[in-house]
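Worksheet for the structure shown next.
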Amino acid sequence: MANSGLQLLGFSMAMLGWVGLIASTAIPQWQMSSYAGDNIITAQAMYKGLWMECVTQSTGMMSCKMYDSVLALPGALQATRALMVVSLVLGFLAMFVATMGMKCTRCGGDDKAKKARIAMTGGIVFIVAGLAALVACSWIGHQIVTDFYNPLTPMNVKYEFGPAIFIGWAGSALVLLGGALLSCSCPGSESKAAYRAPRSYPKSNSSKEYV
């Protein structure tokens, strides 16, 4: 039987993970490549994100450029963008639904079984959102590894994992765990716990008839 403390813990974890997914989607450090050119002074660090690519000079100045065409992007990057956006939208809906079903709120009425079902629905939506983000981060991570070990890829254009991927993985894990805790609000378990078997009392001897 889920209590309000467990629901609050799950909701907090899921919300924290959702904020991490927002940060991961926004920052451009999904892929990073640091290398020095012929001149040490012109050393550059290149980053690729979901929406833009950036170049950081050795002086610390960063210049970013949005992608010109969506159709020109690799398939893995397009799929990752779509999955991350879907994950963020589902996470927002899950927070709204879970808030109505939590025991510590007055939304959703006073019916405990109904609120438990609402909280469980919010937890399931959180799990779907976490899975979408996990697939997105793992997909582009697999693509980075494949390109890195491809002998046909020049050394100066090979990329490694950026911090955004690790933030995305951590956020996905928190959303999944938080959704799992909220999903423990199963109405069936509460109804069983609330059931009390009627007591049976022995018949009194005074009710016997004597002949």
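For all residues, glycine too, the Cβ spot is worked out from N, Cα and C.
What Swiss-Prot records for this protein:
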type	residues	note
TOPO_DOM	1-7	topological domain 'Cytoplasmic'
TOPO_DOM	29-81	topological domain 'Extracellular'
TOPO_DOM	103-119	topological domain 'Cytoplasmic'
TOPO_DOM	141-160	topological domain 'Extracellular'
TOPO_DOM	182-211	topological domain 'Cytoplasmic'
TRANSMEM	8-28	transmembrane segment
TRANSMEM	82-102	transmembrane segment
TRANSMEM	120-140	transmembrane segment
TRANSMEM	161-181	transmembrane segment
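Beyond the ends of the transmembrane segment (8-28), by six or more residues, the same chain brings 47-54, 64, 84-85, 87-88, 91-92, 94-95, 98-99, 102, 104, 123, 126, 129-130, 133, 137, 163-165, 167-168, 170-182, 184 to within a C-beta distance below 8 angstroms of the stretch. DSSP places the residues of the topological domain 'Extracellular' (29-81) in helix, strand and coil in these numbers: 10 helix, 21 strand, 22 coil.
Here the topological domain 'Extracellular' (141-160) has, by DSSP, the following mix of helix, strand and coil residues: 11 helix, 1 strand, 8 coil. Across all of the topological domain 'Extracellular' (141-160), the predicted model scores a mean pLDDT of 83. Only residues 6 or more beyond the boundaries of the topological domain 'Extracellular' (141-160), in the same chain, are considered here, and those with a CB under 8 A from a CB of the stretch are 31-33, 35, 46, 48, 74, 76-77.
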